[in-house]
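Take a look at the structure below.
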Amino acid sequence: MLSVIIPCRNESRHIETCVRSILAQERPSGGMEVLVADGLSDDGTREILQRLAKEHPELRVVDNPRRVTPCAMNAGIREARGKYIAILGAHCEYAADYLRTCVELLDEHPEVSCAGGPIHSAGRSVFGRAVAAAMSHPVGIGNAKHRHPNYEGYAEGACYPVFRKEVFETIGLYDEMLVRNQDDELNYRLTKQGGKVFLSPRARSTYFVRETISSLFRQYFEYGYWRVAVIKKHRMPASFRHLVPLIFLIGLVVSFALAVIVPEGWRLLMLAGPCVYVLILCGVGLHLSRRAGWKVGFLFPVAAATLHIAYAIGFLWGFLQGAQASNVNHAPTKSATGAESR
């Protein structure tokens, strides 16, 4: 059996489409159950789930009174009965064969602990499409393998992973102190203990991005903030990809500060770095406008700069505030690890 876990809170706009796309999946052998771990939603999400549960007995709603994502994931894992466990997102739609393909990948690669597919980002508004473009371009988000739509092979993590259940029995559950980056932290523990993650473009899904500057800024601020907690927990060096936004932000502040105090003839030189950055973003936006439309191209620099600045400020704030993860990896309860896998 495959257990599908969907953490959610106040997702009335997306949850029905997401759940129906999962219920319409081609079922892997052994069947499937769907557990939505709801964080006490108050926007109508709960009512939608209750209606869907009446139509589909394989759908169950699990309470997440602590309301944060890792607690939702852990609550679902503890209730899961399957041999495989999929952690999916409510902001996504999945190809009809996504789950079956991931299970097949695990069967094809017995050395692999987790399988998934590269992320495909999409937006519903013009700004959302610009955000999706920024998240799909190396200038916007870096060189992470799961951002390359045609990549196949081993990776540092999968966005919508399907795990073998014994992974959680071996390395423990998600760190419940990490509001964000809990998946990165678990993947680090997994690979550190010799586990492997495999991605294939055969596993297709679509992630719907944040549609406003404020929600996008908050999302990436939290990614930056909690990245510090993961680094500190494992005493691991920050990768260059994670440090680039912070280096850029510091350079930006220093450039503008120097431009104010240096003699007038030196001001343009002090602003050369920020100007080059803006020109690069505008150049990428102009290139994108040929296939995505001028509005998306025009907004691309805004979306990309929001990602960079929000992440950098969050990273710096996490360092200054002393963001902390848990030293406990939340092992499954006896009832969960003893549940029958089918």
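Using the three backbone atoms N, Cα and C, a Cβ is placed for every residue, glycine included.
Taken from TrEMBL, the feature domain 'Glycosyltransferase 2-like' covers 3-170. Annotation source TrEMBL lists transmembrane segment at 243-262, 268-286, 298-320.
Listed by sequence, the residues of this chain that lie at least six past the ends of the transmembrane segment (268-286) yet keep a Cβ under 8 A from its Cβ atoms are 137, 139, 248, 251-252, 255-256, 258-259, 262, 296-301, 304-305.
Counting residues 6+ beyond its ends, the transmembrane segment (298-320) has Cβ neighbours under 8 Å at 126-127, 130-131, 133-135, 137, 139-141, 213, 216-229, 242, 245-246, 248-249, 278, 281-282, 284-285, 288-289 in the same chain. Within the model, the domain 'Glycosyltransferase 2-like' (3-170) carries an average pLDDT of 91.
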